[in-house]
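Enquirer: Features from TrEMBL:
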COMPBIAS  189-205  compositional bias 'Acidic residues'
DOMAIN    2-174  domain 'Leucine-rich repeat and WD repeat-containing protein 1 LRR'
DOMAIN    253-642  domain 'Leucine-rich repeat and WD repeat-containing protein 1 WD'
REGION    188-252  region 'Disordered'
REPEAT    376-410  repeat 'WD'
Amino acid sequence: SLSKLQLKTGDLDPRLFSRLRHLQKLDLSDNLLDKFPNSLTLPDLRVLNCNNNKLEDVTALKQFPLLEELTYENNVYLTLNDDYKVMFLLQNLRLLNGKDITKLANHVRRVNSRKLTSKVTAHWEKFFRDQLPEKYTTEQVKSIKKKFLKSVQTNVVYGPSSLSEFTRWRVKMIAEEFLACSLGLELSTDPEPEEKMDESEEESTESPREAAEDVDQVTVMPSKRKRNHSKTSSGNKRSKSRANAEEETEDVSAEPLHFLQCHSKGNSREDFKTQLWSCVFEPLLDCGARKDPIVSSSRTVATCGGESVCLIDCETGTVLKKYKVATEEFFSVAWTTLTMVISDSRKKSHNILAAAGRRGIVKLIHVAADFCYGEIKAHKKPIATVCFSPTQETHLFTASYDKRIALWDIGIPDCDYNFKASQLLVLEALSIPLRIALVPTSPDQYLLAGCEGGCFAWNIKLDKEQKSRPFEATFQFPDEDGSMTTSHRVDGLAFLNDDVVVSKSSKPGCIYLWSWSRSFDAKGKGYQRTVSAVILAELEWSTTDLSYLTLSTCPAKDYVFCGDEKGSVWLYHLSNYTTAWSSAKGKRSDRRIPPTQILKWPELRANGEQLTEVLINNVVADPTFTYLVVLTSVNITAIWKKS
């Protein structure tokens, strides 16, 4: 018994265990194991208990061929797919997690294998047999093998969708055996890197190794300024990013850390066109959605653009995970922390990522388990943005090109990932909603949206009967000639603190700061009122007429960020102003507030060519403003670190 010893995988030394030739029972329960080393070689092991660990994979258990009893309950990353893998791999297994599985295991090993084998063979006969010439070269064999393995895993489907991962795993195995035995297509060349697994609509979750291989190197050339201030990427080989950029000697507030090209279409190194739209930092699990945001952030950020969503470690530049849907273009991502029941009624918090875009579908991803467990067909038109309620962890808002904002309860998945989503509310907009923000002082009552045709507020209180609601107020702003207008595109919207709203719209070269409480009088009667925004200040910004370069805020540090059409990031540090604005009179700042600093885009070279025409679509800092993640129109994620 090695139970309750805080053992990690590295503590299981194969040199020691391989001497235990006659060990039959081993108890490793209540430890911290995330996997089994491949060479423990316990040739006589019959009973194994791994309850309450952190196991992520079971395939290494095949090294114990005589195993009869196995338990691994409360390993939250293991799913039904792993149960089936174990039944197939361990031919003598009788009891799994206390249940007699003899009958089911026989079915998995025989019936399931027979059906899949006939489907794999048929797939070869129908689509691939004629592609192989009578006399073929090694390269032709290699190419057809690769195509066949990819195709067969995508197209051979059997059994319930909850077992699709197991089915793909078995199909790949059967296909390789088929190629080797029936056709002698076993190659003694270097093993292929694992193909990305594609489901029926080509979804895939890649491991950190595979994801890292997709990140291409972008060289940053030092520009000719006062001193050469270079930084490479923390010696982490996997990130393949190099940032050697100079800074001005005065007022350096951030330095470039990594430039990553990790959203390429089809993993192409030539892709400098994919637009990156949205990023959000992962909350720390022990803080939960409702805790103080100042401390509740990790250094992990989710980014989206093109067909993929990536999880990036900002310090090392490593792409930790990558999730792909070949037919999608992702526009928005959002995090929530759900308290899920594991088993024996024990509860555990997990971070869930929602991702949505052109297809109007919300994907729900259990990140730690590397598993997209469900989807919500939320709208028939694209979804521009999504956000979770800070108070109700299962409440998700989706804003769509169908001119509606919907509120969903996404439910909490059970241990088999079954969940029930329901629509609670539909907010009718007069034009496409581009940005949404919940009012911090009353996030269950008011939602603010920046739309193609103006800035609007809705009452979202759920105790009202009415499920479909018109807007409650629309806000007027000064336009270029000084007159007030409600009709303008609001493509940037965020709260700087409980009351101050930051929005970008009607007047070129200008970002407005205005007071929510003084502009919106909750006692006003009736729907669809027009009210004037009580403006506190204007921020000086680029005079470009390009839209959709959005802004963000870092409330804990009183910062506003906005990128421009030249690859620069404008930073505004506003702590000297916020106290005055919050006082009763809250006098308006007379002059436009200039940026505290502008971070210039460094000279980036890709394949020897300099990258030009870089638009900054989004800039987001973590809540403590340690990292600044910059998303561009040229498929590059830039990560700056505050120095």
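Backbone N, Cα and C atoms are what each Cβ position is placed from, and that goes for glycine too.
TrEMBL: automatically predicted annotations, no manual curation.
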Enquirer: Restricting to the domain 'Leucine-rich repeat and WD repeat-containing protein 1 LRR' (2-174), what is the model's mean pLDDT?
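Expert: Value for the domain 'Leucine-rich repeat and WD repeat-containing protein 1 LRR' (2-174), mean pLDDT as a whole number: 90.
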Enquirer: Please indicate, using numbers and ranges, the residues of the same chain that are 6 or more beyond the repeat 'WD' (376-410) and have a C-beta under 8 Å from a C-beta there.
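Expert: Same-chain contacts beyond the ends: 278, 288-290, 331-339, 352, 354-362, 364, 419, 421-438, 440, 443-444, 447, 449, 458, 460.
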Enquirer: Taking helix as H, G and I and strand as E and B in DSSP, count the residues of the repeat 'WD' (376-410) in helix, strand and coil.
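Expert: Going through the repeat 'WD' (376-410) residue by residue, I get 0 helix, 20 strand, 15 coil.
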